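> Below are the structure tokens for one structure; questions will follow.
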Amino acid sequence: MRRSILSFLSGAALIVAALAVGPAAAEGHHEKKPEVHAWSFAGFFGSYDKSQLRRGFKVYKEVCSTCHSIKMLAFRNLAQPGGPQFSEKEVADLAASYKVKDGPNESGEYYDRPARPSDRFPPPFANEQAARAAMSGAYPPDMSVLVKARGYGRGFPTFLLDALPGLSYQEHGADYVASLLKGYTEPPHGVTVPDGQFYNAYMSGNRIGMPPPLSDGAVTYDDGAPQTVDQYSKDVTAFLMWVAEPHLEARKHIGQGVLAFLIVFALLLYFTKRKIWSNVAH
Ligand code: HEC
């Protein structure tokens, strides 16, 4: 009996030790936890900052869109309420500066024409293979839902809060993308990065096939916001968050309306109950 308990315990100890050492030994690297940002769209009353979305769009247009598509985004979306809210004229001019494929025409041919507000953003590459061929094998993912598709575990104790509806923190993906954009550094001593790859503190495995896309001063802002990698990263991430969740504000407004209704309803019930029972002796 005692021997079987002993062997059980030592077996369990071995498993625990293997679990503790295993991943670290197998991977030999560790990505940093994304920095937590103060997003305007976080929380129960959160909403997008229109100027930030406009700046973020500029960063996307001038930098990211040379490699990343946003297939779900049509030009006219940029004029919708809750978004960057460009004017109809601005959107029409912007669309006209892009070419899209259309056809077939009467002679059965496909042709290029200037885009219209109802068109979607033309992708930078014809297909995934063309993108990989241009990017030494790596594929720049489409950005339609990218911010919502990335996340990370916040660990104890915050993950307990994250499980509660209403209190949960939903900006993991945004924190990750913004941190990733700022996370390029020299590799630590003794770490080698293969050609065509770059060291990034936040990328899983610390190696990424995307060259550092941002540098201070690369995009000109006309609203006086700082032209720094830090600011660009936050702005473009906010824009991509809007792209992935354009109806966030409407959703939060419904929640606020429901809560306000419940409060009023509870008060009415309370006073009705008082009135009904007021003549009844205790
Ligand atoms: C020169 C082309 C290029 C440009 C410009 C570029 N990217 Fe990328 N991006 C890539 C490639 C290639 C990958 C895939 C990397 C990999 O899988 O290792 C990628 C991956 C990513 C990822 C996903 C990382 C992950 O967790 O898998 C994010 C987020 C991203 N890019 C954001 C951006 C943003 C934001 C911009 C604009 C500021 C931008 N990229 C500009 C080529 C580019």
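Each residue, glycine too, has its Cβ placed from N, Cα and C.
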> TrEMBL has C64, C67, H68 down as binding heme c; which of M210, M241 does it also list for that site?
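So, going by the record in TrEMBL, that would be M210.
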> If I restrict to non-local contacts, at least six residues apart, and a C-beta distance under 8 angstroms, what lies near C67 (heme c binding site) in its own chain?
P124, F125, A131, M135, P140, M210
> Name the residue among the binding-site residues C64, M210 whose Cβ has the smallest number of other Cβ atoms within 10 Å.
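It is M210 that, of the binding-site residues C64, M210, has the fewest other Cβ atoms within 10 Å.
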> Hey, for the heme c site built from C64, C67, H68, M210, who else sits with CB inside 8 A of the CB center?
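Near the heme c site, the remaining chain residues are V63, S65, T66, P140, M143, P213.
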> Considering all pairs of residues in C64, C67, H68, M210, annotated in the record as contacting heme c, what is the maximal C-alpha distance expressed in whole angstrom?
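11 Å is the greatest Cα spacing among the residues binding heme c.
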> Give, as a single whole number between 0 and 100, the mean pLDDT over the domain 'Cytochrome c' (51-244).
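Value for the domain 'Cytochrome c' (51-244), mean pLDDT as a whole number: 92.
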> Can you work out which residues elsewhere in the same chain, 6+ from the ends of the transmembrane segment (254-272), have a Cβ less than 8 Å from its Cβ atoms?
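Distant Cβ neighbours of the transmembrane segment (254-272) are 44-45.
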